[in-house]
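Just lifted these from TrEMBL, have a look:
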- 1-49: region 'Disordered' (REGION)
- 59-81: transmembrane segment (TRANSMEM)
- 93-112: transmembrane segment (TRANSMEM)
- 124-144: transmembrane segment (TRANSMEM)
- 269-288: transmembrane segment (TRANSMEM)
- 300-317: transmembrane segment (TRANSMEM)
- 337-354: transmembrane segment (TRANSMEM)
- 366-387: transmembrane segment (TRANSMEM)
- 399-441: region 'Disordered' (REGION)
Amino acid sequence: MRRGERRGAGGPRPGSPVPAGKAALEEPPDGAAAGGASGRGAGRRSTESEVYDDGTNTFFWRAHTLSVLFILTCALGYVTLLEETPQDTAYNTKRGIVASILVFLCFGVTQAKDGPFSRPHPAYWRFWLCVSVVYELFLIFILFQDKLDGFVPAHFLGWYLKTLMIRDWWMCTIVSVMFEFLEYSLEHQLPNFSECWWDHWIMDVLVCNGLGIYCGMKTLEWLSLKTYKWQGLWNIPTYKGKMKRIAFQFTPYSWVRFEWKPASSLRRWLAVCGIILVFLLAELNTFYLKFVLWLPPEHSLVLLRLVFFVNVGGVAMREIYDFMDDPKPHKKLGQQAWLVAAITATELLIVIKYDPHTLTLSLPFYISQCWTLGSVLVLTWTVWRFFLRDITLRYKETRRQQQQSRGDQSTAMSHVDGHLPEPEDLPGPTEPESEGVPAPN
């Protein structure tokens with residue numbers, strides 16, 4: 001990990017290690033910046049936890065770019081000079097593809113840009129970023145072939161993990177309920193969506209999904225209350241403390257509480273709606289890919305895809321949240337979030353190519369009516385909340401100001417047009433000023 005580079009120009013980013021002997025106490029826990037807007041605390045969001053770090057930079061955290069390059073060159077030299085090349089073309093092709101992927105992973109792990117996560121190690125998350133690139137290239141390759149029967153989708157990530165990614169109870173519940181409505185709507189295309197009502201709403205929404213969301217929210221509560229104080233392993237005197245430090249290496253370096261606030265602005269509302277749509281599309285891709293490509297659920301690639309999305313989903317959601325909260329006018333979407341969006345779109349294109357007949361089966365009339373009504377209601381609320389409501393509020397405020405202005409003008413005119421005060425209305429001398437004048441008996 002290039003920790004020194006991350007503390008370069010522009011100051012340390014929130015959650016990054018701080019120099020030894022200094023703690024990242026950027027503002028008080030209640031969110032108010034200590035000492036006003038100036039100082040180091042001005043740049044940290046109120047939803048971000050405080051981090052203490054002694055700044056230890058050991059061998060474990062260094063990039064080792066030259067070491068990786070030397071080992072990689074030696075390995076390739078061994079294969080070239082000492083191994084005898086087999087005469088099997090298919091075997092050589094597979095081995096060449098695997099070697100190319102490994103070389104790309106070695107380059108990416110040492111040279112790719114760090115993401116928002118640093119635990120257990122930034123290289124771990126750089127590795128999954130490179131795996132995302134390889135997976136996207138593989139999907140594009142499949143997209144341009146003839147139809148195959150060997151491609152496998154995977155299970156959905158699980159509601160516990162989704163809650164850790166989204167970090168909001170309302171959004172998780174909306175996605176959970178919306179997917180059940182999608183199963184109702186698309187059961188004429190996918191037979192495995194045909195379930196009885198209690199399986200949809202009791203077993204799925206209340207038991208499985210609801211329990212996963214509940215456990216995920218409890219974990220989020222623990223992570224938000226946890227003290228993030230990091231110390232070098234060799235600076236800890238006790239064996240128990242060293243083991244605890246090793247275990248905590250697999251927990252977040254810092255924690256940011258997500259506050260999506262979808263109704264605060266039109267931009268955030270559209271962004272949250274987009275996030276929900278991508279989640280639902282990724283869920284549908286899982287089932288449609290399995291159906292159109294005739295893949296058995298027990299295939300090993302199902303588990304591999306699940307592991308893949310578990311590792312890249314959390315990074316993508318954090319990058320999306322940072323993108324929405326970034327006050328800069330010119331900003332770019334994070335690299336992992338970009339790749340996840342591209343992967344989801346490519347999977348959809350594969351489904352469209354391999355079985356367009358299934359996707360073009362028309363919805364039943366009552367289903368299409370329900371979705372049309374729901375879309376109209378959402379669109380109407382959007383127009384009212386972000387356009388008509390603001391216009392109405394501005395109109396009421398303008399009228400109030402005009403009435404107040406007219407009232408002030410009327411008061412001023414009444415003083416100008418009124419008669420002069422009578423002599424008896426003028427203030428007389430006070431008692432101290434009339435000393436020496438005898439009071440009447």
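Here the Cβ of each residue, glycine as well, is placed from N, Cα and C on the backbone.
These numbers come from a predicted model, not from an experiment.
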Look at every Cβ pair spanning the transmembrane segment (300-317) and the transmembrane segment (124-144), keep those 6 or more apart in sequence, and say whether at least 3 of them are under 8 Å.
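Taking Cβ pairs at least 6 residues apart, the transmembrane segment (124-144) and the transmembrane segment (300-317) are in contact, with 3 or more under 8 Å.
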Go through the chain and flag residues at least 6 beyond the ends of the transmembrane segment (269-288) whose CB is under 8 A from any CB in it; none is fine as an answer.
153-156, 162, 166, 171, 174-175, 178-179, 182, 186, 190, 192-193, 260, 262-263, 309, 317, 320, 324, 340-341, 344, 347-348, 351, 355, 358-359, 382, 385-386
State the residues, same chain only, that lie 6 or more residues beyond the ends of the transmembrane segment (337-354) and have a CB under 8 A from a CB inside it; answer 'none' if no residue qualifies.
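Answer is 129, 132-133, 135-136, 139-140, 142-143, 147, 151, 153, 278, 281-282, 285, 288-289, 292-293, 312-313, 315-317, 319-320, 323.
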Under 8 Å between C-beta atoms and at least six residues away from its ends: which parts of the chain pack against the transmembrane segment (366-387)?
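Same-chain contacts beyond the ends: 184-185, 263, 265-266, 269.
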